[in-house]
Amino acid sequence: MDKPRVRFAPSPTGYLHIGGARTALFNWLWARRNGGTFVLRIEDTDRERSTQLAVDAILDGLRWLGLDWDEGPGVGGPHPPYFQTERLDLYKAHAERLIREGKAYACYCTREELDAQRKQAEAEKRQFRYPGTCRDEPYDPSRPHVVRFRVPDAGATSWNDLVKGVISTPHDTLQDEVILRGDGVPLYNFGAVVDDITMEINLVGRGDDHVNNTARQILMYEALGYPVPTFAHFPMILGADKARLSKRHGATSVTAYRDLGFLPQAVVNYLVRLGWSHGDQELFTLDELVRYFDLKDVGATAGVFNLEKMAWVNHEWLKRLSPEELAKLALPHFRAAGLPAEDDEKLRHVCAVARERAKTLGEYVQQFRYFYAPIALDPKAKAKFLTADTRPVLQAVRDAIAALPALETQAVEQVFHGEAERRGVGLGKVAQPARVALTGGTASPGMYDVVQILGKDETLRRLDEAIRVAGQPG
C-alpha cells in the first residue's frame, strides 16, 4: 500500500473552527502514523470573502495545535502553488481537455434563461435540474460561457467509504454541473479534483457534509483518467440540541480558545474524542494519538460538542503541569488583562493554588486577579463579614501577622486557629472576615496561601482598610 498523501484544504473566509480543526487533526494523525505526507492547500477562489487575515489565522491555529504540514504555504513542496487562485491555468487546461474529449461542454445559457427555468420548476413544484440545453452545441470559445461536466445518463457511482461503508449515487440524481465559471475560476468539485490529482492525494478525509459531492468528483477522476482516491467522511459535530454546531453552542475559532486559556493538547485531546476512541482512555499526548489513531475506528455517528467537557479535559491537562510550567503559560493572560504579573515566585504560588480550582488559564486571571489588583468588596460579603462585631477580630489578626518574623505556613495558620481558639469560635468566624478583607469575596484558597502570596505589607494594608470600613454603610 502506498504511503498516504492527505490534505487539509480550508477556505480562508473565516477563522479555523472546531470542525475544520478536527478534520485537519484526523488527516494529520493518519499521515503521521503511516509515514505519509500532510498537505495544506488554501481554497481561496471566493475572492469576495477570502482574506489574508483569515489565511494567517488558519495557519496560526494549525501551528498552535501542533499540526505541522509537509507541503503547503510557507514550506513549499513538489506540487506548487498551494493557493487555488494561483492555479487557474491548471483548471483551464483540464477543462479544455474534457471539452475536447466530449466529457464536458461549453454552456452559453444566460443567467436570465436559467433563472426563468428555475422559477418554472418551482411553480411546477419540482426540483430544477439543468436540462442539458447546450450539450450538443459546438464549442465556440469566443462566446461567453461556462463549462459544464457531462454526467453519464444511466447507472450509478459507488465507493467504499472508510467511515460510512459502501455508498451509491444514481446518475439520474445528478445534473451537468458547472465546473468552470466564465472568469476561469473553478467551482468546488472540479477545483478539488484537479488539485488532488496534481498533488497526488490518495486519501481524501473530510466532513460528511461532503458526501453528496463524492460521486460527482469520482466521475471527474474517471473522466480525466486518474485513479480515484480513497474517501473517508468524518461525522458532523453537533451542538447539545443536535443542531449543526455554531457559536450559540459555545463553539468558536481555535485561536479564541487559545485566548481563553485552553491548552493546545487539551483542544486536540477533546477534538479527537469527538468521533474516535481508544478503549476508556480519556487523555492522550500527540505521540500517543499518532501511535493509536486508525481511521477504521472513527465512528459514523455525529459527535456532540460540549464546552464543559472540553474545559474538564483542559483542567486535567493543567493539573499535570508544574507551577513553573503554568506560570510561563499564564503570564501572557495576566498581562493581557493589564495586571502587573511577572514570571516569579508569586505567580508560581498563584498557579499552584489555581491549578485545582480553575479550568482554564483565563479563569486563573478571573478568579485570582485580586493578587495583582485592588480588590472590589462584594457588597453582600462586606455587609455580612465586615461589621462592627468583626472589627476586633480583624484587628487581632492584623496585629498577629504584623508580629510574625516570617510568613511561614504553620505560623500563618496558627494566627487564625489561635484567634478562633482564644475566642471560642469556629475557624470560619475568624477566617471569613479576613478572607473578605484580603480578597473582596467569600471564596479563595486557604488563608495561609492568600497571606503568603500577598506578602506582609499588602496583607496589612488590606486589613487596615477593612478595619476602617467595617461596620460602615455602603
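Note: Cβ is positioned from N, Cα and C throughout, glycine not excepted.
Taken from Swiss-Prot, the feature Zn(2+) binding site applies to Cys107, Cys109, Cys134, Asp136. Sequence annotations record features per position, and here Swiss-Prot assigns ATP binding site to Lys247 based on sequence analysis. According to Swiss-Prot, the motif ''HIGH' region' annotation covers 10-20. The motif ''KMSKS' region' annotation in Swiss-Prot covers 244-248 and rests on sequence analysis.
A map of Swiss-Prot features onto the structure.
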residue : record              : Cβ within 10 Å
Cys107  : Zn(2+) binding site : 20
Cys109  : Zn(2+) binding site : 16
Cys134  : Zn(2+) binding site : 18
Asp136  : Zn(2+) binding site : 7
Lys247  : ATP binding site    : 11
Residue distribution over DSSP helix, strand and coil in the motif ''KMSKS' region' (244-248)
2 helix, 1 strand, 2 coil
What residues elsewhere in the chain lie close to the motif ''HIGH' region' (10-20), defined as a C-beta under 8 angstroms and at least 6 residues from its ends?
42-44, 46, 49-52, 54-55, 57-58, 61-62, 207, 236-237, 245, 251-256, 271, 305
Reported mean pLDDT - the motif ''KMSKS' region' (244-248):
78
Using the recorded Zn(2+) site (Cys107, Cys109, Cys134, Asp136) as reference, state which further residues of the same chain have their Cβ within 8 Å of the centre of those residues' Cβ atoms, listed in sequence order.
Tyr105, Ala106, Tyr108, Gly132, Thr133, Arg135, Glu137, Arg148
How do the residues of the motif ''HIGH' region' (10-20) split into helix, strand and coil according to DSSP?
3 helix, 1 strand, 7 coil
Specify the secondary structure state of Cys107 (Zn(2+) binding site) as given by DSSP, simplified to three classes.
strand
Alpha-carbon spacing, Cys134 (Zn(2+) binding site) to the residue listed as 'ATP binding site', which is rounded to whole Å
43
Any idea what the Cα distance is from the residue listed as 'ATP binding site' over to Cys109 (Zn(2+) binding site), rounded to a whole Å?
40
